[in-house]
Amino acid sequence: MKNTHVDLICVFLSIFIGIGEAVDVYTNHFHVHLKEGGGLEDAHRIAKRHGFINRGQVAASDNEYHFVQPALVHARTRRSAGHHAKLHNDDEVLHVEQLKGYTRTKRGYRPLEQRLESQFDFSAVMSPSDPLYGYQWYLKNTGQAGGKARLDLNVERAWAMGFTGKNITTAIMDDGVDYMHPDIKNNFNAEASYDFSSNDPFPYPRYTDDWFNSHGTRCAGEIVAARDNGVCGVGVAYDGKVAGIRMLDQPYMTDLIEANSMGHEPSKIHIYSASWGPTDDGKTVDGPRNATMRAIVRGVNEGRNGLGSIFVWASGDGGEDDDCNCDGYAASMWTISINSAINNGENAHYDESCSSTLASTFSNGGRNPETGVATTDLYGRCTRSHSGTSAAAPEAAGVFALALEANPSLTWRDLQHLTVLTSSRNSLFDGRCRDFPSLGINDNHRDSHGNCSHFEWQMNGVGLEYNHLFGFGVLDAAEMVMLAMAWKTSPPRYHCTAGLIDTPHEIPADGNLILEINTDGCAGSQFEVRYLEHVQAVVSFNSTRRGDTTLYLISPMGTRTMILSRRPKDDDSKDGFTNWPFMTTHTWGENPTGKWRLVARFQGPGAHAGTLKKFELMLHGTREAPYNLIEPIVGQTNKKLDTVQKAHKRSH
């Protein structure tokens, strides 16, 4: 079913897109908006008249087009006033914009060295015979290479139930896919593929001496590498299809390249996997621009014939000095943000943490070369060293392909609900010592004991465990497909503006600034929310050092979420945050009625001063209890589902 009110959120989310490069870079790409009635042939004619090339219609638009001026260099520091004027003065053109370029980086850590379960007898399940399968510990962890046995994606049980990704296409938005690789070629969906870097239908990677453009091919193999063919390893959804969308391999990214990539063939592509984002340097704050945001919103509204496109995002490789809530892609409600763990359950040293991460999969384990991700590589070769959250996102996309095969009617929201309910704490833990201040706040947060603080596992108001690093835990393919088979479509989703404080408040140099909003969840209105999915705190502030400003959100049920952690490398004192939607999933399933508290404080050495200018609380969820009609398959229980169902009945 089509979800209501989604487009309303695009209005305020588009406010924050102006944050970009330190120095403006102008490309030879132009966004051209024709007057009403302007069609494709008109666009071709206008482009030719002024010496441009029309690359086609912009995704999620009716009369907007992507022009390229071949006479201009790819990037320059000044606008081209002459070329802009030609289009601007054309009587058939409503608006024209020369596009700025910006940076998007691949999220791959480079190593220092270069149906019913009772129907199956799982003890007799045959493992794949592919030569690298024994190294794919994240698919079947027997304790190899010092890992923890059974800490894996539990895919063999899902395969045994007959789910292998059949009829599901996942698009790899990256630097290209080697679709002639012997482990990929039979699972390549050419009709759903395109090269937006070169503007042709062949998304083949550009070879370089340093193998830099191997990223997309490696991600593709994680999902669809063929089984039992004697080549490399096996993909999570080895009977699925992969589409290549080449869009990273050019000097600068533009809004239209991103938008067209995310809006490409939404009726043929089920899942879009992205292992890239803004620079993971601990000081960048960036997110989708206007056209890209519109493409994502249209995707979740209209993709897959109204069920919604699935966007999977790598949470980021900035490590403990970064926060993925400063990445507008990973922190979006419309994407599923995936973090990683290594083979013993510990977080990887490059893992970022944030409250928008929904779940985790796996990536390379520590410094042991035997614990990388085994997958396909360029030149028809294999690799055992794929890594970073780049490797984690495709694993999740593969699991989601299995779930969509089990139940093709799942909406984009259904898949997020399934992720919350079937992900597992398993053996995941935070292996780093962290410096957490004592807030002195009365809530349900569980602090670490001893001299070393960690991101501990917490429990929200309806009994769901979550972790600031791992979200709701590691994906479990078998649990997900079993619950997917029994799933009932989620009730309609609504968006409640719960309150606004726009009077400036000074953040004290020591201690907390606490702002409170009391809400009834828009009770009695058409926007009433009684059962939460996503919560956003839309915040504006400036401070003497942006990276030393931390924010916490506490729900009426006592769940504490750190929506902005300290980023010691971020020394900004000018831009701050303007209408930035800090998102949390940690209050999933809770009743939002009551007092919400936003806590702002400084953390770090030196003198601090700052002003919090705005706090707006946005609640997203359902009026009806989302799980009331779901009954697990006979003989199969889901403890998390049972826990939340009981909590909802008690509060009804």
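Just so you know, the numbers here start at 1 and follow the chain as drawn.
Using N, Cα and C of the backbone, Cβ positions are placed for all residues, glycine too.
When secondary structure is read from DSSP and collapsed to three states, Asp174 (active site, charge relay system) falls in the strand class. Using a 10 Å Cβ-Cβ cutoff, Asp174 (active site, charge relay system) registers 30 neighbours. Per Swiss-Prot, active site, charge relay system is recorded for Asp174 (among others).
The DSSP secondary structure for His215 (active site, charge relay system) is helix. Around His215 (active site, charge relay system), a 10 Å sphere centred on its CB holds 27 further CB atoms from the protein chains shown. Swiss-Prot lists His215 (among others) with the feature active site, charge relay system.
According to DSSP, Ser390 (active site, charge relay system) sits within a helical segment. Residues or ranges marked as active site, charge relay system by Swiss-Prot: Ser390 (among others).
In the three-state DSSP reading, Cys382 (disulfide bond) counts as strand. Shown in sequence order, Pro131, Leu132, Asp183, Val231, Cys232, Gly233, Ala374, Thr375, Thr376 are the residues of the chain, 6+ apart in sequence, with a C-beta less than 8 angstroms from the C-beta of Cys382 (disulfide bond). Annotated disulfide bond per Swiss-Prot: Cys232-Cys382 (among others), in sequence order, evidence recorded as similarity to another entry.
The DSSP secondary structure for Cys324 (disulfide bond) is helix. Sequence-distant neighbours of Cys324 (disulfide bond): residues of the same chain at least 6 apart with a C-beta under 8 Å from its C-beta are Ser315, Gly316, Gly318, Ala330, Ala331, Ser337, Asn339, Glu352, Ser353, Cys354, Ser356, Thr357. Feature annotation from Swiss-Prot assigns disulfide bond to Cys324-Cys354 (among others); the stated evidence is similarity to another entry.
Cys496 (disulfide bond) is surrounded by 25 other CB atoms, counting those within 10 A of its CB over all protein chains shown. Per Swiss-Prot, disulfide bond is recorded for Cys496-Cys522 (among others), and the stated evidence type is similarity to another entry.
Per Swiss-Prot, the feature domain 'Peptidase S8' maps to 136-481; the stated evidence is sequence analysis.
Annotated domain 'P/Homo B' per Swiss-Prot: 489-625, in sequence order, evidence recorded as sequence analysis.
Mapped onto three states, the DSSP output places Asn167 (N-linked glycosylation site) in coil. Among the features that Swiss-Prot reports, N-linked glycosylation site is placed at Asn167 (among others), with the record citing sequence analysis.
Annotation source Swiss-Prot lists N-linked glycosylation site at Asn290 (among others). Cβ neighbours within 10 Å of Asn290 (N-linked glycosylation site), excluding its own Cβ and spanning all shown chains: 16.
Counting only residues at least six positions away in the same chain, no Cβ atom sits under 8 Å from the Cβ of Asn451 (N-linked glycosylation site). Secondary structure at Asn451 (N-linked glycosylation site), taken from DSSP and collapsed to helix, strand or coil, is coil. For Asn451 (among others), the entry in Swiss-Prot reads N-linked glycosylation site.
Applying an 8 A CB threshold to same-chain residues 6+ apart, the list for Asn542 (N-linked glycosylation site) reads Ser573, Lys574, Asp575, Gly576, Gly610, Thr611, Lys613. DSSP assigns Asn542 (N-linked glycosylation site) to a strand. The N-linked glycosylation site feature in Swiss-Prot is assigned to Asn542 (among others); the stated evidence is sequence analysis.
Within the model, the region 'Required for ubiquitination-mediated degradation' (501-652) shows a mean pLDDT value of 97, rounded to a whole number. Annotated region 'Required for ubiquitination-mediated degradation' per Swiss-Prot: 501-652, in sequence order, evidence recorded as experimental evidence.
Summarising the annotation, Swiss-Prot assigns signal peptide to 1-22 and lists sequence analysis as the type of evidence.
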Among Asn167, His215, Cys496, Cys522, which are recorded as recorded positions, the nearest neighbour of Ser390 (active site, charge relay system) by Cα: His215
By Cα-Cα distance, the member of recorded positions Asn167, Asp174, Asn290 nearest Cys522 (disulfide bond): Asn290
Proximal but sequence-remote residues of the same chain as Asn167 (N-linked glycosylation site) (Cβ under 8 Å, at least 6 apart): Gly240, Lys241, Glu405, Pro408
Those disulfide-bonded residues listed as Cys354, Cys522, and which of them has the most Cβ atoms within 10 Å of its own Cβ: Cys354
Composition by DSSP (helix, strand, coil) of residues within the domain 'P/Homo B' (489-625): 3 helix, 73 strand, 61 coil
Alpha-carbon spacing, Asn290 (N-linked glycosylation site) to Cys496 (disulfide bond), which is rounded to whole Å: 23
Cβ neighbours of Ser390 (active site, charge relay system) where a neighbour is any other Cβ within 10 Å: 28
Secondary structure of Cys354 (disulfide bond) (DSSP, helix/strand/coil): coil
Coarse DSSP state, helix versus strand versus coil, of Cys232 (disulfide bond): coil
